[in-house]
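Notes follow the structure.
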Protein chains: 2
Amino acid sequence: MSSATSTRQADTVERLFAAGLAELREVGHEALTIRSVAARAGVSSATAYTYLASRNHLFVELFWRHLNEAPVADGTGSRAGRVQEAVRSLTTRIAEEPELAAAVTPALLGSDSDVERLRLRIGAEFAARFESALGDGAGEAVREALLLAFSGALLQAGMGLMTYDEMADRLAPVVAVIVGEE
Amino acid sequence: MSSATSTRQADTVERLFAAGLAELREVGHEALTIRSVAARAGVSSATAYTYLASRNHLFVELFWRHLNEAPVADGTGSRAGRVQEAVRSLTTRIAEEPELAAAVTPALLGSDSDVERLRLRIGAEFAARFESALGDGAGEAVREALLLAFSGALLQAGMGLMTYDEMADRLAPVVAVIVGEE
DNA sequence: TTCTAATCTGGACACGTGTCCAGCGCAACG
DNA sequence: CGTTGCGCTGGACACGTGTCCAGATTAGAA
């Protein structure tokens with residue numbers, strides 16, 4: 001029972017997320033409503049709200065799932081080169097779903113507990129990738145600078161001051177400055 | 001007539017912004033509604049909406065006005081020291097109105113044309129301050145890194161991962177890394 | 001098959017946003 | 001001292017969010 005039950009629930013959740021992503025691609029995040037996602041998933045809006053804490057939660061969850069499929073860059077080349085690769089891997093992945101990226105930036109600022117939980121995980125994921133690209137011996141300040149610059153770039157892209165496609169190129173010299181290119 | 005008329009309008013606008021700030025301090029940005037601001041300003045909500053394009057616009061405008069009163073740090077000391085001073089001057093000012101800071105972060109991501117206009121001005125203000133602290137001869141990448149790290153810090157603070165009070169201290173070593181401390 | 005408990009439904013609710021407009025009142029101009 | 005017109009009012013509107021709940025469905029257990 002419990003396995004069948006949770007299968008049913010899992011199905012519903014998956015249908016909701018799939019519908020959310022489809023809706024996002026089709027109408028964009030401004031026009032997306034929880035009810036339209038529910039309808040697309042073939043589920044009532046009350047049901048949607050039992051799985052989605054909020055619109056923000058939907059966006060953040062979709063982003064988190066999407067991000068997890070970003071390839072992990074391999075650890076060859078110079079330190080700066082490795083970090084640049086890590087950055088490129090992330091931005092490339094993010095740029096694949098521009099509407100999702102646009103949606104998640106404000107959503108990440110939400111105050112739902114679900115949003116908060118995921119936001120910590122996302123931050124930790126970025127940190128882990130930079131950490132491993134940097135290798136040992138990188139100072140705390142360097143790690144923090146990288147993370148802040150990357151967050152800043154995401155924010156700028158979210159505000160439309162930079163496209164997700166150009167993020168990696170814009171960040172490359174910034175990474176060089178922070179990590180030290182010599 | 002036009003001067004008298006615009007005096008009347010200017011009065012209304014000022015009352016709205018003053019009421020907005022008071023309301024923000026009193027109930028916080030989550031509970032603030034345009035209608036409550038209008039009521040506090042002694043004005044109908046329809047009138048409020050003729051001057052405020054949106055809730056986001058209110059927050060961004062208040063932030064912009066607040067920011068403009070941040071003292072400009074003087075240009076003494078090392079390059080890194082000057083930039084750190086510039087950062088501290090900004091973060092100190094921002095930390096004076098924590099609710100405003102919390103409100104503006106998501107608001108800055110809005111898509112109103114008024115928000116967009118102000119957001120460019122705010123970004124330009126940050127850039128100008130860093131520029132003048134850096135002096136001539138700082139590379140493009142250094143300037144961009146600074147701006148991105150600062151934006152990133154604002155974002156982190158907006159997400160509650162850092163308080164505005166600790167921003168300057170957290171950023172100091174980051175600035176040193178970016179600008180080069182030697 | 002029948003029972004039971006989890007899931008889902010439909011539709012109401014309170015609330016906020018942002019828009020609109022007919023009409024009112026006030027301040028300056030003639 | 002009217003008249004004109006700008007700014008303000010009040011209150012309706014459409015729409016979305018997120019909450020709630022009594023009752024219909026469903027799937028597995030007995």
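Using the three backbone atoms N, Cα and C, a Cβ is placed for every residue, glycine included.
If you look up TrEMBL, you'll see B:10-70 marked as domain 'HTH tetR-type'.
Across the DNA-binding region (B:33-52), the model assigns an average pLDDT of 98. According to TrEMBL, the feature DNA-binding region maps to B:33-52.
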For the DNA-binding region (B:33-52), the DSSP residue counts stand at 15 helix, 0 strand, 5 coil
